[in-house]
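As written in Swiss-Prot, here are the features:
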BINDING   GLY233, PRO234, PHE235, GLY236, ALA237, GLY238, LYS239, THR240  ATP binding site
Amino acid sequence: MTQGKIIKVSGPLVIASGMQEANIQDICRVGKLGLIGEIIEMRRDQASIQVYEETSGLGPGEPVVTTGEPLSVELGPGLISQMFDGIQRPLDRFKLATHNDFLVRGVEVPSLDRDIKWHFDSTIAIGQKVSTGDILGTVKETEVVNHKIMVPYGVSGEVVSIASGDFTIDEVVYEIKKLDGSFYKGTLMQKWPVRKARPVSKRLIPEEPLITGQRVIDAFFPVTKGGAAAVPGPFGAGKTVVQHQVAKFANVDIVIYVGCGERGNEMTDVLNEFPELIDPNTGQSIMQRTVLIANTSNMPVAAREASIYTGITMAEYFRDMGYSVAIMADSTSRWAEALREMSGRLEEMPGDEGYPAYLGSRIAEYYERAGRSQVLGLPEREGTITAIGAVSPPGGDISEPVTQNTLRIVKVFWGLDAPLAQRRHFPAINWLTSYSLYKDSVGTYIDGKEKTDWNSKITRAMNYLQRESSLEEIVRLVGIDSLSDNERLTMEIAKQIREDYLQQNAFDSVDTFTSFAKQEAMLSNILTFADQANHALELGSYFTEIMEGTVAVRDRMARSKYVSEDRLDEIKIISNEITHQIHLILETGGL
């Protein structure tokens, strides 16, 4: 433990002298109030400290004491359905301790509740040999999450005592005799430094799709469990709603939502909506699988930088249990702005637009902690982390450094489009500029599992949208009447795909989530209509005949998005009606 004294205060950056014994990444207590800070640079005996609390009132001469530990999070029962700030302070218990609606400086509250007793069920016998990652037992944390207690990293040996029963998280639950003869006394909780990735046994290629219930994502731009996606877009294009929708309905075991530098109202929406929503996969409240990290725009800037790492470390902990985890970061641009501010105060050489030269490597560091892995320990298990980051480029300009560095790393780009949002087409994901590099592997996976030709259907639907885009220019110049019947039919089918399939109402109780079976039925109907109508044109029918003769059935296709999941048969029989209707048109008109 080293004690120094402050010689300079510059916003969230404090410089202290007499710190020659300290190390980079050590946590310090700064000033008389004991504010939390982290050493980010050492020059001789001077330490530059990033302070995670408001620094007003700090002055030269005040003491700085190092703890000798890096910034770490507490991992154990009590994480789920809690809300923390960027450095894992529990906001509800912080309010009870301080009787204040705002974060009072210098107050220390344990991250996990020390008073709650959790029922621990041992799954291992005394005398058994264990090593890092082995599951010792379970704690039923919520109706949905079975919290697995694992041997901490770096510990291996023989279990000499373990007992089932009710324990708080700091009571000794088991004892391991290590290989060197010393004894390790273990609790239900372990600590881990946030800037260090938790080790795994083996990295695997992601294959299984993350089903989000959002048709444009699942069909055209899928992300796998263990993949990484970016959602850039201008203000008002719907980034936060896309993130909320994925957090609500993704088929994962755990969701970690990091509100990083965005408005506080968005976190309030999450707190109001999530407890009332039912997870379609488990039938329980969505809050029972969610951890919230709130670092809103009115909280200290430096803590934004930590919040992303806090979230991904928690995600790695649940992945090590063998769970699939989705982490949403809204927004990584605010995190990058925090990096830029600290870099400027450290007087480092600026890169593009004032961001530090190491911006790209920091963004890569975060996204590379996502993935599908075979984790350490027995029984053998796989876990996944899917990282979805919103990016808020100023003015919607995706050529700026944060977006460009993000797109170099992630394999899925959901590009939100201001013109689509202005036309009230939501989700406003532009199907011509967005992409997914997982598309082929996901299509092959679904074709094999569901025994469908999903891949070819998606390709055909996308072809219609691309042909519509090239025909739109002709229509704008010389009018729709200049098009042939075949081209007008292409425009009509593309319009159906856009309005009846891609457009989705997040605030409608039925349309907010679409299962894969319903998505497939809806798209099949549109493509059946395309096949039958093209066939009728080949046999001599007119475009206007086909449109007038299929008004009722096309109306049913348009309304099928509002048909509930338990009435799927009503959607599936529409394809028979389309075929019947086109046959009637051929019998009465055409040749």
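For all residues, glycine too, the Cβ spot is worked out from N, Cα and C.
Quick caveat, the model's predicted, so the values are computed rather than measured.
Overlay of Swiss-Prot feature records on the structure.
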{"residue": "GLY233", "record": "ATP binding site", "contacts (Cβ under 8 Å, 6+ apart)": "LYS239, ALA390, VAL391, SER392, PRO393, GLY396, GLY415, LEU416, ASP417, ALA418, ALA428"}
{"residue": "PRO234", "record": "ATP binding site", "contacts (Cβ under 8 Å, 6+ apart)": "PRO393, GLY395, GLY396, LEU416, ALA418"}
{"residue": "PHE235", "record": "ATP binding site", "contacts (Cβ under 8 Å, 6+ apart)": "SER392, GLY396"}
{"residue": "GLY236", "record": "ATP binding site", "contacts (Cβ under 8 Å, 6+ apart)": "ALA418, ALA421"}
{"residue": "ALA237", "record": "ATP binding site", "contacts (Cβ under 8 Å, 6+ apart)": "GLY396, LEU416, ASP417, ALA418, LEU420, ALA421, ALA428"}
{"residue": "GLY238", "record": "ATP binding site", "contacts (Cβ under 8 Å, 6+ apart)": "LEU416, ALA421, PHE426, PRO427, ALA428"}
{"residue": "THR240", "record": "ATP binding site", "contacts (Cβ under 8 Å, 6+ apart)": "GLU262, GLU266, ASP330, ALA390"}
Around the Cβ of LYS239 (ATP binding site), the count of other Cβ atoms that are within 10 Å:
26
CB-centroid shell, 8 A cutoff, ATP site GLY233, PRO234, PHE235, GLY236, ALA237, GLY238, LYS239, THR240, site residues removed:
SER392, LEU416, ALA418, ALA421, ALA428
